[in-house]
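*Asks:* Pulled the feature table from Swiss-Prot, pasting it below:
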BINDING   GLY34, PRO35, ASN36, GLY37, SER38, GLY39, LYS40, THR41  ATP binding site
DOMAIN    2-234  domain 'ABC transporter'
Amino acid sequence: MIEFKDVWFWYDDGKYVLKSINFRFKGGTLAIVGPNGSGKTTLVKMMNGLLKPKKGDVIIDGINTRDKSVAEMSRLVGYVFQNPDAMFFEENVFKEVAFGPRNLGLSEEEVEKRVRWALREVGLEGFEDRSPLELSGGEKQRLAIACILAMKPKYLVLDEPNTGLDERGLRGLINVIRKLREDNHSIILVTHDMELVLEVADEVLLLKDGEIKFFGPVEDFFKLDLRNFSLVEPEIIKIAKELKLRFVRNVDELIKVIGL
């Protein structure tokens, strides 16, 4: 479980970024959303110790992040940054994914097993000898996820994972997140994309001006007037509301509910 207890964060200039943050995330897929500058990335960087609270505590499975280094917390909370290109430096995909497990001091047999498993999880089997730099945007994003998965953290943070992806890349990302969820990975997703939230999230945490404005099930989140938070309501939700239908995530579910 990830727990924030009265967490505050501010910079040296006195600007408050997070104010009295309290919530518990027990597992599944959590989307963290909100306007630009609301504190989303600051919040998730506290989960693996990249930032420490100025006040309050972040507890991950009973471990206070104040008491551990970033390296120690990264074994528990994996972090995939917004721009995956910055992560890549090896000559091929296999070596890229193997780097993390090797740093853990694992045997080559275990390293290879983890690499094959991680690539399979993200749909990149057969890419082992490819250069990371020649992959498409969607493939690079999935490779970045595989690199973290191979370390086998319990929690996986994806910071704006769909930035720069075309429709095909986005569909591939959605499929990967769904598969990870089915395989019992716990995912924390930072995004502005409400379509992505609708497709994959179990719970949503909404930030504005450094404060939590909503935390709860995704179906309750989409009952809010998202215009108040500079967020765009998905067309599927608009249609469902106009027709007074139950909560639906996508076109396929909408068709089933309507009975077409």
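Quick reminder: no glycine exception, Cβ is built from N, Cα and C everywhere.
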*Asks:* Quick one: among the binding-site residues PRO35, GLY37, which has the most Cβ atoms sitting within 10 Å of its own Cβ?
*Replies:* PRO35
*Asks:* Between the binding-site residues ASN36, SER38, where is the Cβ count within 10 Å the lowest?
*Replies:* ASN36
*Asks:* Other Cβ atoms within 10 Å is the metric here; tell me which of the binding-site residues GLY34, GLY39 scores highest.
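*Replies:* Answer by Cβ density within 10 Å: GLY34.
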*Asks:* I need the most crowded of these binding-site residues: LYS40, THR41. Count other C-beta atoms within 10 angstroms of each C-beta and give me the top one.
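*Replies:* The largest 10 Å Cβ neighbour count belongs to LYS40.
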*Asks:* In three-state terms from DSSP, label GLY39 (ATP binding site) for me.
*Replies:* coil
